[in-house]
Amino acid sequence: MPIITDVYAREVLDSRGNPTVEVEVLTESGAFGRALVPSGASTGEHEAVELRDGDKSRYSGKGVTKAVENVNEIIAPEIVEGEFSVLDQVSIDKMMIQLDGTPNKGKLGANAILGVSIAVARAAADLLGQPLYKYLGGFNGKQLPVPMMNIVNGGSHSDAPIAFQEFMILPTGAESFKEALRWGAEIFHNLKSILSERGLETAVGDEGGFAPKFEGTEDAVETIIKAIEKAGYKPGEDVFLGFDCASSEFYENGVYDYTKFEGEHGAKRSAAEQVDYLEELIGKYPIITIEDGMDENDWDGWKQLTDRIGDKVQLVGDDLFVTNTEILSRGIEQGIGNSILIKVNQIGTLTETFEAIEMAQKAGYTAVVSHRSGETEDTTISDIAVATNAGQIKTGSLSRTDRIAKYNQLLRIEDELFETAKFDGIKSFYNLDK
């Protein structure tokens, strides 16, 4: 039977050694689902609230016992006593949203609500004897995503003196996900050897990318291009580049202040100058995607950027849209960006996540399913990417098990789909004039 008989949460650790929420759901027939909730380092101010305890004597205030308590003492009784079916995802998600009663899930915590939402879906898939991607996407989910591999970390994700948070490679010329992953791994290892030859640090940051002390942004880009070529691939043909500027991290009082991360070598740019700078970079290098090129509240700047280069480059809103359909709807109406980053914990339920993806795709925007810098062994985002035919996934570099787990899950899915599996490569960027 599909009736949920038990919902239980506990405090566990994420990839940074910080507490996070794990939730387990059990049905009367024995179907079981478990979910672990990710956490971000650079967060948009409009994100759903991640509930932390604030008790400095425990995990430096980052404990999640209150969120765990909210699952065990508030959400669980509602679900169990209400005799909810594990197959009724939308009703359960809506019930939790109403139970919280705030616009940002600040009462119960998005980390509490999301853990339950995903665990319910996993238990439903288990009940039906289906893989999660098939339960979520039905027979239509068969497109493997182009991986955006964050092989150099800057900004808030490392100690490197570079403002941009992520430098990514996208193996769009590969014929399958398996091949794209191999290309990425080969480029990653070639980059490591180039860094070693230069006497640069090869330790990795939160998302598994290198965080060496490059001389600046262009040094990082040119070094990545050398690694692509050394691995035997052609930049701008086999493999493209991407940035996550995370501009909100260095924007203040109308100024994009690169000195925050780059010291005396950094520039201070107005919105117009920031647009000029990004346009200059895409003219010089094979860049296909830029995330958060402008501050989340600089909508005028975003409009300038979209009008200037939005037909040539994917412009992804992360802090801008925070997986929120209300904000995305406004962006679509005003012609802001052409893509949304999808992070399940920014909004807090699977139902709302799928609504955001559907809205984006209907408007001709791409949807990039993404991890967070604080991750776990949970691989739900891999299944979501395939279930929704998102076409793109961002889940870190080619090291650290918390990142590789997602890639390995995609390999399994591709194997399972066999001849029905699709990998569209460059065609996944249907929002551009290619």
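Using N, Cα and C of the backbone, Cβ positions are placed for all residues, glycine too.
According to Swiss-Prot, the residue from ASP238, ASP244, ASP257 that belongs to the Mg(2+) site alongside GLU291, ASP318 is ASP244. Going by what Swiss-Prot states, the (2R)-2-phosphoglycerate site holds LYS343, ARG372, SER373, LYS394, and the candidate of GLN165, GLN274, GLN304 recorded there is GLN165. The record assigns GLN165, LYS343, ARG372, SER373, LYS394 to the (2R)-2-phosphoglycerate site; their largest pairwise CA distance measures 17 Å. A simple way to gauge crowding: the CB of GLU207 (active site, proton donor) has 30 other CB atoms within 10 angstroms, across all the protein chains here.
Within 10 Å of LYS343 ((2R)-2-phosphoglycerate binding site), judged by CA to CA distance, lie the following binding-site residues from the set ASP244, GLU291, ASP318: ASP318. According to DSSP, GLU291 (Mg(2+) binding site) is assigned to a strand segment.
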